[in-house]
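The region 'Disordered' annotation in TrEMBL covers 17-44, 167-189. Taken from TrEMBL, the feature domain 'ALOG' covers 41-172. Taken from TrEMBL, the feature compositional bias 'Basic residues' applies to 167-178.
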């Protein structure tokens, strides 16, 4: 066992020295070029989401090529993500169903929140175009812009709103709520 640890130590030392020399060469080369600007939070999240989706396709049996990806793969991906959700969605038989403030804890499943899925699809639509997909104006070729995805998101939103007892309302246009200046104020100028 001692010999194994010595061999491992020697190998680690060699790897460390090799990595150090490569790192120095890379840093020297990097210093001469323009430093890369750090990614924004949105760009970082978009990259992570894209990598997760591509990995999901690779893990399918058989693996799915990105060129063969369609809206059904996207829907399966969204359903797959539900297992990592943190939003409690009450089922019809639950005493908390339809109540904004549940009276007691329950065993209803956790799901991805509608807003999170909606934002995810937006980022994946943009990433798809950046990685060679067809432009967003032709939603038939962009699996993330397909009508089936919009229908699914609407169903998730409505289901979660009913389960929480909160009606979903669209945001009103802000301009209608702004105070209009009076005529007298304009004449004073």
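Don't overthink the numbers, they just go from 1 along the chain as shown.
Glycine is treated like the rest: Cβ placed from N, Cα and C.
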Integer mean pLDDT for the domain 'ALOG' (41-172) = 88
Checked against DSSP, the composition of the domain 'ALOG' (41-172) is 73 helix, 4 strand, 55 coil
